[in-house]
Amino acid sequence: MTSSSPKTRKSSTKSKAKRGSKSKKAAEIKAVQRLSKTPPPFRNKVVDKKVLKNLVAWAFKHHGTAATAAMADNLKDLGFRYATQAAVSISVDDLKVPEAKQDLLGQAEELITATEECYRLGEITEVERHTKVIDTWTETNERLVDAVKKNFNQNDPLNSVWMMANSGARGNMSQVRQLVGMRGLMANPQGEIIDLPIRTNFREGLTVTEYVISSYGARKGLVDTALRTADSGYLTRRLVDVAQDVIVREEDCGTTRSILISAEDGKFGNRLVGRLTSEQVVNADQEVLAERDTPIDPQLSKKFEQSNLQGVRVRSPLTCEATRSVCRKCYGWALAHNQLVDLGEAVGIVAAQSIGEPGTQLTMRTFHTGGVSTAETGVVRSTLSGKVEFGSKARVRGYRTPHGVEAQQAEVDFNLSIVPTSGSKPQKIDIPIGSLLFVDNGQNIDIDVTVAQIASGTVQKSVEKATKDVICDLAGQVRYETIIQPREVTDRQGNITLKAQRLGRLWVLAGDVYNLPPNALPVVSGNVSVKEGQVLAEASQASEFGGEVRLRDSIGDSREVQIVTTSMILNDFKLLEESTHSGEIWHLEAQDNTRYRLNTIPGSKIGNNEVIAELSDDRFKTETGGLIKYAPGLTIKKARSAKNGYEVSKGGTLLWIPQETHEINKDISLLMIKDRQWIEAGTEVVKDIFSQTAGIVTVTQKNDILREIIVRSGTFKLCKESKALDRFEGDGQIVNPGETIAKGIKTDSMVMVQSVETPEGKGLLLRSVEEFTIPDQAQLPELKHVKQPKGPSLGIKASQRLAYKDGELIKSVEGVELLKTQLMLETFDTTPQMTVDVEVIHDLNSKGDRLKLVILESILVRRDTTSDSSHGSTHTELQIENAQVVSAGDVVATTQILCKQEGVVQLPDAVDGDPVRRLIVERDEDTITIDSKGTTLLKVGQRVVDGDFVSKDQSIDACGEIENIDGKKVKLRLGRPYMVSPDSVLHVRDGDLVQRGDGLALLVFERQKTGDIVQGLPRIEELLEARRPRDSAILCKKSGTVDIKKGDDDDSVVVSIIEDNDVISEYPILLGRNVMVRNSQQVIAGEFLTDGPVNPHELLECFFTDLRDKKPLMDAAQEAIAKLQHRMVSEVQNVYKSQGVAIDDKHIEVIVRQMTSKVRIEDAGDTTFLPGELIELRQVEDTNQAISITGGAPSEFTPVLLGITKASLNTDSFISAASFQETTRVLTEAAIEGKSDWLRGLKENVIIGRLIPAGTGFSGFVEELNAEAGPHPDILAEDPAGYRRIQNLRPDYTVDMPSSPVAKNTAVLDDPSDEDLEATRSRHGIDPTTSNFAAFARPTGDDELSAEDQMPDPAALEGLQEEGLLSDE
């Protein structure tokens, strides 16, 4: 353009002032352009979130950070500028519901109505109905989503809701679906899908029911989020702990081991980027694509794909041989800047955070789909009309789909052709094994008919057994179809269940079913007509023992009849009532005026051996607490529990030594007397506490708190005689009257003598002993027993009980009662439901009250009920009157069950010995009569369903059984069929009567294990903690050929594996487990024999035992670990990928490396390890190599897998382990073992406040290592990370291993102890004081020895050679 337009001119004049700033900007832009090696390609497409992402990534890669930041800023300005001009917002009008919605819903409704109809006619089972309904709604929902997309695309592509969801700015398709489609199926709180979907969307609004259903899921979502945050945080902490000491410490470990990364569908994706090749990579033409240790960038990865490489071997942290760290070349690029990782980078922590951070994005859901099959299968339709022909190899078997459709399943792979009638080219379809065919061989079909459902791959999905109840919808009689062929199955516990063997129907034929009470008997016989109100059955209730009748008032729907079988009046005792402030107290007074306090209240019930009353007397009451002793002759009965005291079996004397005990819990400063001081009665011992008796005080205290003050009363005598003092030391002795205790001390009464030490001096305390005499029998008035010749009897016995056992010390200030005399009830021949009632009666002769004990038999009699849905009307008549005396077995009441509606009675088929529990009346409304218009095609007893033909042109519109055909009149008894699948458990037998709502059968069906799939976080946790799952799969231990046989039970099988050397190992498979292998199949170790979750520990064991037979120990261990590592990495990746989270493999590899780095020592051989010890594999390898050089026995070990928690607790650093969990245990063990912490990781250094050995602190760490190695740089030469187990190496003693062939048989020069050296010197007569020789001395770093000093003494060398500690060289 030569002339500038007016607009441009105008603007140019304006911009003269800004020219300086503009030229500056231009320079900036030029600089950016100069940086660019490749001109940016022109991208002419709609830029959504994904394209934007790629654009920024491209800019970052080609132009660095500054230019990318500038570009992002410009993009932001661009976006905001247009958003300012025309913003995108949502209004209600933007939510456009597609018109197709109503049609789609209508079609779904029709399908579901048809399904329900099939179920009503007994063509499909309850499970198939549920599955079909859910699948129908799921499909409708999908089709509705397509309709929504189509609607927006065609009619309103610039709709703001559509643009937001489509560009990835906000929201997704599932949310748009809920706004303008339908909300769809929801799950209930148990996680099962409710088969009633929410048909409306948020635009139309939800009904109350729909709102309630949909709020289940919403609440669950909120709770999940809260829990997820906590779980995810804890996971991150554990991961950091296990990997915190993985730091890049070496340039190159020089390993030759590697891992193979295979292409998926010819693509490597990002899986190779950032790795280094472990060997030369060549293509099919042997052209070198990359040398060893070449970093793979995206271009190289693409080049590999174009060369059609199936897999590339790369270096990986899993195979790195750097000890306790990772080398740069095995780790590869640091993903932050796509350059080789730096030395000192804490890759462990990066890995831990990369895995832990996305934890919050993972779901925690576990869904039960209720048998929804989600098989990825393709449906094939016919493209022309013609005749179906199966190939010659075809083998099919009958199969019923989860929707109840009869089909055929292919048993082999074959071809199917549809040969057209017109003679054009036939349609050929490949049918793989397991596919379903909906057409028969030779069948003629039209165009667009579903021919087959092709199975996707031979993925054997794991299934589980589930059950569903079939509930009866109407009352009536059960009839089986003969095809069911029920059989009885007895399980291990001996329970018998009835199972259906084939698919078939249970019929329930309508009728009015009556439940009979437990003892009722029918009074009508079968097939008899009955009128309304007629008696159908009668039940009678009789008295068991007989007696006097008492009628009670009715309670609820029954009334109680009591029969007094036995009674007893205590005539020798008057009953007195006394009112106290705490309530009424009743006493029994005997004729000799002794009183017994009643333990029960009149009107209450008591049982056998319960106490009725206790004697009130003070003969056995003491004044204070004290010590109790039984004199010889007093014996007590042995009893299980001493809760009620000890019953005296033979009387005697009870000895009582009083002692006053004050239980005090106060400060010692409140004590007002001295320990062991003599005090008088009434002395204040502690503030506000006074002694009641005179005696010697003993004070018990603990931690300056007064616990007890004991006052032992008696007479105190000073005594210097040591013999006497020793005799009464401790608990003391009882001395009889007249005995001499010590010189000048004699006693007139029985005393207890104890030697005590008081402030006045040593002496003897003579404590008085009180004697209580206990009679052999309790003195009681004569008591009668009421004995009956037959039936229950009762009586009263007296017993004496001691409250305390021999030698017991009663700590008390108040007195206690030592002996109680009790009146007890005795009953004979009673039944558990009988009780004894305590009653009061008025005695007319003495005008006083007496106590009466009564045994009652209680009978509950039903009251009349008008019509009740299951029992019918009942009428009850009492056959007795109040106060009537009845004999045992007399009828008390009869109950009649009356008919509700007239009809014909039928009794169920009698089962041996079982009484009739139900009967059925067939009413008029349970049958219908059909007038046949032609010759009837039906027979009596035939069962028909809706749609069957009566005559040629006339169909029935009801289900049932033909009862009678009378000329043209066909009588049909209405019924309802229920389909049951094979192996269903039948709850009813043929001919049983059922009420509405009873369970008929339990359908057993298989569903894919979608239910409770542990997804998301819990699954990650399960993998990283290496948990042993419940019901894990059975794994094959050795490779071989499969042979499947039937087990001992009908349902169990035994899988045998025949190995190459003809060894057979058998695996019994329990009931309910699915076998995943076929006969004659070749299996390898670790392959699944049954379905179920895998136990990683068992898998490792399988790999190792199999490889152990073929390879050396070390190689077998490494290979087994490698196989397990590969599996673990891919399992963890699967979980994250399924949730759309991308994590680089190397992060997971770093963690898995830590989990599999240890082995368990089984046999230590000649090494210093201990059996059962967990040691690093590398360390064991080094030690075994060293031992084998010297001809010693290497250690035997097995690889182990540790969960992240266990691995953290098993690190070499006890500071790190203790700061993680179980602090006390870790530190205690470390102290006992005398461990040293070498402060290698980050955590232990942080804890004690040192510089961490990563990043800038790494160089300091290397210097420190050099200093640590001291005069032995050779340690570092062969082990750059300085990680020799220094505990095993004495830092001041090194041994050069003999390398000559001669030296092979030489004993190893082990590190001799000081004692060994001393012994050798003395044996060879060497004086250590004069001979300070290198052969016997340890160089100590600072000893500067002259050359001659360092020459070994010939005598010393000779001695060592004789000892066999040196070779002859």
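Glycine too: its Cβ is placed from the backbone N, Cα and C atoms.
Within 10 Å of the Cβ of C330 (Zn(2+) binding site) there are 29 other Cβ atoms, across all protein chains. C330 (Zn(2+) binding site) falls within a helical segment according to DSSP. Annotation comment: Swiss-Prot describes C253, C320, C327, C330 as Zn(2+) binding site, evidence class sequence analysis.
The compositional bias 'Basic residues' annotation in Swiss-Prot covers 7-24.
Per Swiss-Prot, the feature compositional bias 'Acidic residues' maps to 1342-1351.
Annotated compositional bias 'Low complexity' per Swiss-Prot: 1357-1369, in sequence order.
The region 'Disordered' feature in Swiss-Prot is assigned to 1-43 (among others).
Marked as region 'Disordered' by Swiss-Prot: 1294-1369 (among others).
C253 (Zn(2+) binding site) is surrounded by 21 other CB atoms, counting those within 10 A of its CB over all protein chains shown. There are 25 other CB atoms within 10 A of the CB of C320 (Zn(2+) binding site), with all protein chains counted. Long-range Cβ neighbours of C327 (Zn(2+) binding site) (same chain, at least 6 residues apart, Cβ-Cβ under 8 Å): V248, R249, E250, E251, D252, C253, C320. Within 8 A of the CB centroid of the Zn(2+) site residues C253, C320, C327, C330, the other residues of that chain are E250, D252, T255, R315, P317, T319, E321, A322, V326, R328, K329, Y331.
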